[in-house]
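Undergrad: Pulled these from Swiss-Prot:
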- C379: active site, nucleophile (ACT_SITE)
- H555: active site (ACT_SITE)
- E557: active site (ACT_SITE)
- S13, D146, I147, E148, K186, T187, K188, P189, T190, Q191, K222: CTP binding site (BINDING)
- S13, K186, T187, K188, P189, T190, Q191, K222: UTP binding site (BINDING)
- S14, L15, G16, K17, G18, I19, D71: ATP binding site (BINDING)
- D71, E139: Mg(2+) binding site (BINDING)
- G352, F380, G381, M382, Q383, E403, R510: L-glutamine binding site (BINDING)
- 291-582: domain 'Glutamine amidotransferase type-1' (DOMAIN)
- 1-265: region 'Amidoligase domain' (REGION)
Amino acid sequence: MARFIFVTGGVVSSLGKGITAASLAMLLQAKGFRVSVRKLDPYLNVDPGTMNPHEHGEVYVTDDGAETDLDLGHYERFTGVTACKFDNITTGAIYSKLLKDERLGNYTGITVQVIPHVTNIIKDFIMSNTNGFDFIICEIGGTVGDIEGLPFFEAIRQIGNKLKSANCLFIHLTLLPYVKTVRELKTKPTQHSVKELRAIGISPNILVCRAERNISKSAIDKIALFCNIKPEYVIPAIDQKNIYLVPIAYHNSGLENKVLNFFNINLVPSKLDKWYDIIGKIKDSNSKVKIAIIIKYHKSHDAYKSVIEALNHAGIYYKYKIDLLWINAENLTEENINKKLLNINGILVPGGFGVRATKGKMIAIKYARTNNIPFFGICFGMQLATIEIAQNLIGIKDAVTEEFKIKGTKIIEKINKNSEDVTITIKNTHISKCTYSEEFECDTSTVYSNIHEDSNKESTHRLPIETNFGNISDIKKTMRLGAYPCNLVANTIAATAYQSLEINERHRHRYKFNNEFQNIFEQHGVVFSGFSKNKQIVEIIELPELRWFIGVQFHPEFKSKPFEAHPLFIQFIKAAIEYNKCN
């Protein structure tokens, strides 16, 4: 039977519960255990797919097409285990299922309540799909005391009572703030956080204390005394310069051994060679390469979390520090671009939606193309690159994307159901219309995803929930989600990078390149080096006459890992390093 580990947080949010859960999973893996990591989010959205990136951060897409929390990216990057739709759940998804079942009469007329009905669905999610794993680590989003999180805490309390300590462990992450006037780390917020957790009925077995400096033995003893925890089970979590130093820091504190001791499991040696290799490369990274990221969502860099990490992975590969220059595309003009992109070694335009900030992005793309600066366009960045090429290189001055709903020559068009030759199925029907406060208006329409090899296997899991909040009359409104195969053209930059002619990458887009313009683009030097299996969707474009200019329709950042950097990011950083040396 799998053992369950619940990671909760207190005092403040964004303490690093996801990194802690991912680090522990990796450390247990290093001892030979099989681990699954899951995220339970208390918000009422069905999934993050329609949430403002400024507010939520990036939407992390799994192979099977689930739009999930960015913490699943940490889980994948640290453990190397591919996440799936069964690894993330929200309050919105839970209530969607609950209300649907109630309307269908599945509750046989009884009064439907938070306890036991909501908590039962949460428990079903946690306890399902556990075969083949030694440990299930569940991160509870938010902080203890949040109203929206109470059903989740109640559910894991019930699981703890049922499984007892032999099979269930609670880890609580708190903050020890440093007060400069007294030059002391304060333990009182941690004491109150544990008090709040115990009032719910959960007594933490391990306390992980986040601090900006070393924690004294007297502070640890004080925390242990007032929180009723043995001092050896109070684990310091000192701020690190790089998140990939965190797992080894936890290892040096004995976190995974404390977990195994709690479960009375014999200790075995850890195999951490690849992580020590990463740490060595990070510490040996003395040179820098400067990359400009041309962004729309400038209030939170978490909107581009996987892109940041993928760049860092390539930097680790070459023992280079990645110096990121964040450029708000709305403030970029023809007049100031030379000043803003001074001494840049590479330009990256990541994915996004909507018309806002596109002018600045296209100015940056033109600047990269005309100055022969290494360029990498991802998803929407690739689409804008084709529009820029059409307008300024080919001469199609009115080139536009259908997404903007303005008159012009549609270089980018909406995907239709026949654009993909693999079998597709409706994943979700959570159709809603939402307007971001400072964003674009978006239609969240019928979502399609390809059926993967294991999609036909019977699952006892009740989630993800199929909901219906609208009329799915317009079947052409599609979102191409998840991993799809892509065929590469031999002797191209892409084929050289991948060292293969068949790849599989994750997607999240509604629009694609209009194939009617392929010939005229090729006449002007554009190489189409990647296609979907039936060649209906262009996946990769290149300008081989330039130093390094590539746009991809997919999201390669989702598959990059610190010990296995993505080949396209490796080649992009290589080109940037060479450009830096030449200039």
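The backbone N, Cα and C atoms fix where each Cβ goes, glycine too.
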Undergrad: In the same chain, outside S14, L15, G16, K17, G18, I19, D71, whose C-beta lies within 8 angstroms of the Cβ mean position for the ATP site?
TA: G9, T20, A21, H74, E139, L173
Undergrad: Closest of the binding-site residues to P189 (UTP binding site), Cα to Cα, picking from S14, G18, E139, G352, R510?
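TA: For P189 (UTP binding site), the spatially nearest of the binding-site residues is S14.
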Undergrad: Drop a 10 Å sphere on every Cβ of the binding-site residues S14, T190, Q383 and tell me which sphere holds the fewest other Cβ atoms.
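TA: It is S14 that, of the binding-site residues S14, T190, Q383, has the fewest other Cβ atoms within 10 Å.
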Undergrad: Can you tell me which of the binding-site residues G16, G18, K188 is spatially closest to R510 (L-glutamine binding site)? Compare CA atoms only.
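TA: Going through G16, G18, K188 one by one, the closest to R510 (L-glutamine binding site) is G18.
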Undergrad: Ten-angstrom check, please: count other Cβ atoms within 10 Å of the Cβ of G381 (L-glutamine binding site), all chains counted.
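TA: Around G381 (L-glutamine binding site), other Cβ atoms within 10 Å: 23.
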Undergrad: Among the recorded positions I19, I147, C379, which residue has the fewest other Cβ atoms within 10 Å of its own Cβ?
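TA: Counting other Cβ atoms within 10 Å of each of the recorded positions I19, I147, C379 gives the minimum at I147.
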Undergrad: Name, in the order they occur in the sequence, the residues of the same chain whose CB lies under 8 A from the CB of G352 (L-glutamine binding site) and which sit 6 or more residues away.
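TA: The list for G352 (L-glutamine binding site) reads K296, Y297, C379, F380, G381, given in order along the sequence.
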Undergrad: Quick check on the binding-site residues K17, K188: which one has the highest count of other Cβ atoms within 10 Å of its Cβ?
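TA: The largest 10 Å Cβ neighbour count belongs to K17.
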Undergrad: Could you check which of the recorded positions K17, H555, E557 is the closest Cα neighbour of T190 (CTP binding site)?
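TA: Result: the closest of the recorded positions to T190 (CTP binding site) is K17.
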Undergrad: Under 8 Å between C-beta atoms and at least six apart in sequence, can you list the same-chain neighbours of M382 (L-glutamine binding site), or say none if there are none?
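TA: Long-range Cβ contacts: I540, I541, G551, V552, Q553.
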Undergrad: Could you give the maximum C-alpha to C-alpha distance in Å for the residues G352, F380, G381, M382, Q383, E403, R510 that bind L-glutamine per the record?
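TA: Output for L-glutamine binders G352, F380, G381, M382, Q383, E403, R510: max Cα distance 14 Å.
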Undergrad: For the binding-site residues S13, T187, Q191, work out the Cβ neighbour count at 10 Å and name the residue with the minimum.
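TA: Per-residue Cβ counts within 10 Å for the binding-site residues S13, T187, Q191 bottom out at S13.
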Undergrad: Rank the recorded positions G16, K222, F380, E557 by the number of other Cβ atoms within 10 Å of each Cβ, and give the residue at the low end.
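TA: Looking at the recorded positions G16, K222, F380, E557, the Cβ with the fewest others within 10 Å is that of K222.
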